[in-house]
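> Take this structure, written in structure tokens, and hold onto it; I'll ask about it next.
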Amino acid sequence: MAELLSLLMPAIGWSLLHFVWQGLLIGWAATLALQLLRNARPQARYAIACGALLLCAALPLAGIVWRLLDAASAAPAADPAALLMAAAPAGAASAGLGVPVLMDGDQLISWQYMLQRQLPWLVLLWASGAAFMTVRLSLGLLWVRERTLEAQAVPNAHWQQRLDRLALRLGLDRPVRLAVADHLDSPMTAGCWKPVVLLPASLLTGMPADLLEALLAHELAHIKRHDYLVNLVQSAIEILLFYHPSVWMLSRHIRDEREQIADDLAASTLGEPRRLALALSELDRFQFATPQPALGAQGGNLMSRIKRLVRPDSQPLSWKIAAPLLGLCTACAVLYAHAAPQPPAVDAPAAPAVPAIDAPAAPKSLPAVPPVPAVAQPMMLAAAAPVPPVPDAAPVPAPAPAAAPMPAPRPALAARPAPAALVALAAPAAPAAPAAPAAPAAPAAPAAKAAPAAPAAPAAPAAPPAPPAPMQADEQAAPHTPGRIRMTFGRLTMNNNAKEAYAIRRGDGYKSIYSGRNDMAELSRLEGAVKGDFIWYRDGSQAWLIKDPALLAKVNAAWAPADAMDQKMKEQSKEMEQHSKAMAVLGEKMRAMSDQAERQERGMPHARIEQVAREQEAVARKMEAVGRRMERNGEAGADREALQREMAALKKEMEPFKKQMKELTAEFAKMHAEMALKQEPMKALSAEMREAGKPMKELGRKMGELGREQGRLSREADQTVRALIQEAVRNGQAEAVPAPKG
């Protein structure tokens with residue numbers, strides 16, 4: 001149950017949010033159609049408004065179902081850790097940093113992630129509004145029920161007979177009861193299966209009988225059209241989509257057109273439109289706002305209805321049509337801009353990634369194989385501002401396209417807690433948490449009687465992200481290049497505006513660096529000038545160097561839990577790599593079968609069949625021309641005999657083509673059957689691929705949990721280290737050194 005709610009909550013929330021723009025488009029289109037049909041019959045406008053309102057209800061419902069099905073077959077993409085890790089390139093790539101970077105939380109949280117976090121509150125707010133609207137409708141239904149029960153005790157035989165005669169004239173085949181109520185100011189209709197017309201007692205004495213009969217005819221028109229049931233469905237849609245103005249606009253149009261249709265039906269039954277207009281005018285003295293669940297003769301704009309019955313005229317085109325036109329044009333422009341190809345952006349330079357392992361070409365429709373994260377150091381959250389690109393980083397080749405096939409890479413993991421990786425200040429960002437693979441669709445078997453199309457080929461696997469560049473022995477010995485800073489570090493956070501910065505030197509490289517761009521040159525200098533482990537700290541324009549072994553031990557102990565979590569994530573990555581390799585093997589088999597099916601399809605006699613068909617068509621045209629000439633020449637004569645001989649020759653010419661077509665059709669059917677049989681192994685491989693992909697969902701979930709825990713541990717370690725450094729500065733354990741300039 002909890003899992004269902006966790007899936008249902010975002011599905012409802014995103015569907016409600018997407019309906020904001022969907023409802024606007026529907027409302028604009030419906031308004032434009034209603035304006036264009038302003039002089040048409042009210043039935044046409046009523047159908048347009050009802051269809052638009054039903055579409056408003058169908059789109060959110062379809063969105064919820066689609067998202068539930070998508071979430072059931074894929075990893076939870078809305079997982080906070082996954083979103084954070086997926087957002088890492090936004091900051092890390094722009095900074096040109098080739099190590100797992102401690103990113104700023106504000107920098108990672110996009111508008112979509114912000115909305116995702118607020119979805120529970122959004123759904124709660126929507127549910128509260130819907131509950132209030134439901135109570136409002138229930139009170140209205142209760143009010144109508146009370147009026148109906150009160151009126152049943154006061155029947156009127158005379159008016160019941162007149163109502164029955166009117167019902168027969170309208171063609172109603174079910175009984176309609178008439179009841180007199182004391183607390184009403186207008187006739188109304190209630191009930192779906194056993195309709196009741198409630199007649200105010202004041203109208204029996206205050207309105208002429210012929211005018212009251214016209215009002216009853218209007219109520220019977222509502223019953224004939226089942227308007228009470230339609231009104232309940234309409235009210236239910238208003239409850240669910242109460243927050244959108246397009247729904248209320250469409251509901252108002254539906255109610256107005258409903259009253260006009262009932263007026264037309266009643267006027268045609270009475271044969272006197274002016275009589276109904278007089279009755280509505282007289283009713284204006286008794287007008288009272290009644291609840292929506294009941295349908296009354298005073299609904300809609302009463303004076304406009306009276307004017308329409310007395311003097312119908314055409315309506316001029318209103319200036320209000322400009323608003324929906326402008327809205328639709330704006331929507332089309334936005335959609336066009338969104339669909340238009342974007343010019344290639346100049347990316348920030350990045351360090352070379354690990355070259356992809358050669359692999360055969362991917363099949364055309366192989367189910368997507370989820371990427372295996374290369375977790376050298378998991379990404380952690382810390383307070384840091386967005387980092388601009390480093391201008392002096394070396395440019396590198398562009399990454400391979402996403403569709404390029406690539407087997408699961410080996411995770412770039414070392415046995416040490418803080419692996420050294422010699423990189424420039426430009427390298428790929430920390431990879432995103434893996435998403436569970438979607439279940440691949442089984443290839444469709446070709447139809448038995450149709451010319452077979454090429455069998456559905458399995459979809460190409462998505463290329464997993466390349467892991468961070470591993471340490472190269474020749475790079476460590478490479479001389480320092482001017483304009484580029486090279487050093488070894490495990491974690492790095494860049495914040496050019498940071499007042500404080502520190503770096504922890506441990507072993508053969510920096511364990512953690514929190515600095516701005518101007519600090520990197522100083523750290524590069526210290527790496528060769530200072531022997532042993534140390535901590536470098538800068539506060540504004542003052543910098544210190546700490547070499548106290550006891551303090552360094554405390555710092556290492558603070559980072560120990562995060563390092564242990566790193567190791568767990570490495571083990572998890574190895575397990576995911578094994579599943580990915582198995583899926584890659586299946587994908588290769590499916591690719592081979594797909595290639596074989598394509599070769600067989602290319603060998604089918606399509607061209608020969610088309611050639612014979614063209615030749616048959618040419619002979620058939622000649623036979624048709626001869627047949628027309630035979631009809632013009634009559635039933636006898638030498639010309640007709642000549643035409644008959646020509647027709648016989650054409651029939652003889654047609655026989656070889658018929659024979660060839662029969663042989664080609666038999667050959668085609670045989671190859672078709674063989675291809676259909678070969679689809680069975682493809683289906684079996686697809687099922688095997690789905691089974692192999694199932695564990696990836698659970699592994700991805702575990703990786704997300706580990707990532708969240710690792711982020712928490714890293715934040716705690718960072719806070720502890722900062723406190724230890726500040727204490728060492730206060731206690732005089734830190735040696736003052738020149739701070740970087742600029």
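Numbers here mean position along the shown chain, with the first residue as 1.
Glycine too: its Cβ is placed from the backbone N, Cα and C atoms.
In case it helps, TrEMBL gives these features for our protein:
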- 12-34: transmembrane segment (TRANSMEM)
- 46-69: transmembrane segment (TRANSMEM)
- 81-102: transmembrane segment (TRANSMEM)
- 112-270: domain 'Peptidase M56' (DOMAIN)
- 123-144: transmembrane segment (TRANSMEM)
- 456-479: region 'Disordered' (REGION)
- 461-470: compositional bias 'Pro residues' (COMPBIAS)
- 562-589: coiled coil (COILED)
- 633-667: coiled coil (COILED)
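Could you tell me the structural context for the features on the list?
Long-range neighbours of the transmembrane segment (46-69) within the same chain, counting only residues 6 or more positions beyond its ends whose Cβ lies under 8 Å from a Cβ of the stretch, are 7-8, 10-12, 14-16, 18-19, 22-23, 26-27, 29-30, 33-34, 37, 230, 234, 237, 240-241, 244, 246-247, 250-251, 253-254, 257-258, 261.
The average per-residue pLDDT of the prediction over the domain 'Peptidase M56' (112-270) is 86, rounded to a whole number.
Note on the coiled coil (633-667): residues 605, 608-609, 612-613, 615-616, 619-620, 622-623, 626-627 of its chain, located 6 or more positions outside it, place their CB under 8 angstroms from a CB of the stretch.
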> Going along the chain, which residues at least six beyond the ends of the transmembrane segment (12-34) come within the CB cut-off of under 8 Å?
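Tertiary neighbours of the transmembrane segment (12-34) are 45, 48-49, 52, 55-56, 59-61, 63-64, 67, 115, 119-120, 122-123, 126, 241, 243-247, 249-250, 253, 320-321, 323-325, 327-328, 331.
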